[in-house]
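Q: Can you keep this structure in mind? I'll have questions shortly.
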Amino acid sequence: MTRVVLVGPPGAGKGTQATALSEQLGVPHISTGDLFRAHIANNTELGQDVRRYLDSGQLVPDEVTNEMVRERLEEPDARAGFLLDGFPRNVGQAEVLGKILSSTGQAIDAVVEFKVDEDVVVKRLLARGRTDDNEDVIRRRQEIYRSETAPLLSYYGDSVITVDAVGEVGDITERVLSALRDRT
Ligand code: AMP
């Protein structure tokens, strides 16, 4: 069970969990947000193109995002599995992901939903202090989650495992690992 998508509202702790899970499962953690931020930090052409979307909390256009993910998944370390964090973020991206994987005989094994109250995540994000963590941008990202990303949960249907994402970091990691084990 190593091809896993993590879904949850901004601030649900997906990134922290993905880092721990990636070590435990021995598969790379692929975060589209991290990939975009690296492009911005390195001032690449792609970075210059996407900066305004990250700054305002809007989604980067699908063509740009999907192509970046396609290239990342073609790298050898992703062949045996991966944890996708922050992608797909809408049903269109999920359809493209399905096509990318099926072209090499792969498929998603599970989708882990991080369940957490919106009040809790807004507090966490304000404490985190990333440049896109001011209150307006946070609110916009939450709205986009509800309208564009949450529909993925019905799209993936029975593949979704819902995990309570409130508590100690280590406990939550254990919850995810045991939920994944129960599925195999
Ligand atoms: P994250 O680190 O996942 O919170 O993402 C930070 C920002 O990167 C988002 O607010 C979007 O602007 C952009 N982003 C990350 N992943 C995607 C995606 N799959 N599709 C479009 N934009 C994305």
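Heads up, the Cβ atoms here are built off N, Cα and C, so glycines get one too.
According to TrEMBL, the protein has these features:
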| type | residues | note |
| --- | --- | --- |
| BINDING | G11, A12, G13, K14, G15, T16, R128, G167 | ATP binding site |
| REGION | 31-60 | region 'NMP' |
| BINDING | T32, R37, Q58, L59, V60, G86, F87, P88, R89, Q93, R130, R141 | AMP binding site |
Q: Can you list which of these binding-site residues (G13, V60, G167) have a Cβ closer than 6 Å to ligand 1?
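A: Checking each Cβ against ligand 1, the ones under 6 Å are V60.
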Q: Which value does the mean pLDDT take for the region 'NMP' (31-60) in this predicted structure?
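A: When the pLDDT values over the region 'NMP' (31-60) are averaged, the result is 97.
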Q: Write out how many residues of the region 'NMP' (31-60) are helix, how many strand and how many coil, based on DSSP.
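A: Result for the region 'NMP' (31-60), in helix, strand, coil order: 22 helix, 1 strand, 7 coil.
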Q: Compile a sequence-ordered list of residues in the same chain as R130 (AMP binding site), six or more apart from it, whose Cβ lies below 8 A from its Cβ; state 'none' when nothing qualifies.
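A: When sequence neighbours closer than 6 are ignored, R130 (AMP binding site) has nothing within Cβ distance under 8 Å.
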Q: When you measure from the Cβ of T16 (ATP binding site), which residues in the chain that are at least 6 apart have a Cβ under 8 Å away?
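A: V169 - these are the non-local Cβ neighbours of T16 (ATP binding site), listed in sequence order.
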Q: Using a 10 Å cut-off on CB atoms, tell me which of the binding-site residues G11, G13, G15, G167 is the least crowded.
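A: It is G167 that, of the binding-site residues G11, G13, G15, G167, has the fewest other Cβ atoms within 10 Å.
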Q: Measuring CB to CB from F87 (AMP binding site), give everything in the same chain under 8 Å that is also at least six residues away in sequence.
A: V5, I30, S31, T32, T65, V69, Q93, L97
Q: Measuring Cα to Cα, how many angstrom lie between G167 (ATP binding site) and Q58 (AMP binding site)?
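A: Their Cα atoms are separated by 29 Å.
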Q: If one looks at the chain holding R89 (AMP binding site), which residues at least 6 apart in sequence have a CB under 8 angstroms from its CB?
A: T32, L59, T65, I144, E148, T149, L152
Q: Within 10 Å of its Cβ, which one of these binding-site residues (T32, Q58) has the largest number of other Cβ atoms?
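A: Of the binding-site residues T32, Q58, the most buried by Cβ count within 10 Å is T32.
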